[in-house]
Amino acid sequence: MLVDDSGVTRALFERWLREAGIDIVAAAKNGEEARELIASCNPDIVILDIEMPKLGGLDVLPELLALSPGVRILMASTLSRRGARITMDALKMGAADALAKPDSGWASSQAQGFRADFLRRIEALGRRAPAGRSLRPAQRAAQAPQRIGNALRYSPGPRPAIVVIGASTGGPNALFTLLANLPSQLAAPIVITQHMPPTFTAVFAEHLARTSGHPAREAGDNEVLESGHIYVAPGGRHLEVRRTRNDKAVSILTDAPPENFCRPSVNPLFRSAAAWGQHALAIVLTGMGSDGLEGARELKAAGARLYVQDARTSTVWGMPGSIARAGLSDAVLPLSALSRLIRTELAA
């Protein structure tokens with residue numbers, strides 16, 4: 001279901017979806033219309049604009065989730081700081097994912113990149129449609145193995161000197177849960193690559209600081225990373241970490257080409273963290289695609305420990321699933337267990 005007050009945007013989204021073979025069961029121009037339509041049309045996914053007359057996206061979001069249990073809501077926002085703040089609130093309220101509309105208009109080259117990303121996200125969310133629903137043309141997700149490696153317990157290793165985390169679709173909420181209730185003193189810096197556009201990552205870091213109780217911000221270039229601090233890859237730039245001679249971690253930002261359609265990508269962070277060997281701890285959370293897989297190979301070859309989120313608690317079991325299937329994860333764990341793990345590992 002499409003919900004947007006712009007007729008141009010609705011028509012464009014509808015054309016893109018139909019060209020991809022995806023059915024549109026309803027369209028609405030504000031939250032009031034969406035509220036009236038959702039129960040009868042029973043959509044798998046709602047594409048929800050934020051700023052609309054009568055009833056906006058943020059206001060109607062909880063009602064849509066209540067009226068259609070299991071529906072997945074993709075928020076369509078602007079690249080403004082206000083749009084980013086509202087989007088973060090929407091994700092905390094239960095939206096599955098968010099995407100920033102191009103700020104240069106629908107006729108721009110930027111819009112073509114948006115189209116590809118838009119369709120990838122829709123298809124990824126469709127693969128995890130609730131029981132009894134199916135979204136065409138997305139294929140059924142391969143069933144997650146009942147047990148992959150050590151699925152229920154893990155063996156603590158050497159105290160980590162650095163923690164690196166990768167996430168995509170569903171990642172913000174997963175990270176809020178993962179990093180809640182951290183110990184007051186942490187033994188290492190936490191470095192995160194979350195697929196997210198510019199402006200959004202700065203606002204996301206602010207939310208992480210409030211949730212975790214620890215300083216959190218976008219990483220700077222050539223910044224010495226401090227234990228107990230959380231660093232987020234800025235939208236639009238890759239983040240790497242460099243190990244210095246005195247065992248400090250320094251953040252490096254690059255404008256190298258996207259990897260797996262992403263910049264920031266998880267791969268550069270993971271590849272660079274391999275320099276810490278067995279003193280690196282890596283976690284891969286919910287996300288579409290396989291970003292992080294190649295970096296995970298280098299981490300494991302260096303002796304790092306790597307844990308991934310399980311399919312049941314993931315919004316999309318793409319990134320963690322690709323690593324688990326490749327036999328690179330030390331354990332496949334639900335989000336609650338990963339949260340306990342990181343608290344135990346990082347207690348200073």
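Along the chain as shown, the residues are counted starting at 1.
Glycine is no exception: its Cβ is also placed from the backbone N, Cα and C atoms.
Annotation note: S168 (active site) sits in a coil segment as assigned by DSSP. The Cβ of S168 (active site) has Q194, H195, C262, T286, G287, M288, G289, D291, V316, G318, M319 as same-chain neighbours under 8 Å, each 6 or more residues away in sequence. Residues annotated as active site in TrEMBL: S168 (among others).
Among the features that TrEMBL reports, active site is placed at H195 (among others).
D291 (active site) carries neither a helix nor a strand DSSP state and counts as coil. With a 10 A radius on its CB, D291 (active site) counts 27 other CB atoms from all the protein chains. According to TrEMBL, the active site annotation covers D291 (among others).
Note on the domain 'Response regulatory' (1-116): its mean pLDDT in the predicted model is 92. Residues annotated as domain 'Response regulatory' in TrEMBL: 1-116.
Taken from TrEMBL, the feature domain 'CheB-type methylesterase' covers 156-348.
Counting Cβ atoms from all protein chains shown, D49 (4-aspartylphosphate) has 25 others lying within 10 Å of its own Cβ. Marked as 4-aspartylphosphate by TrEMBL: D49.
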Reduced to three states, what secondary structure does DSSP give H195 (active site)?
coil
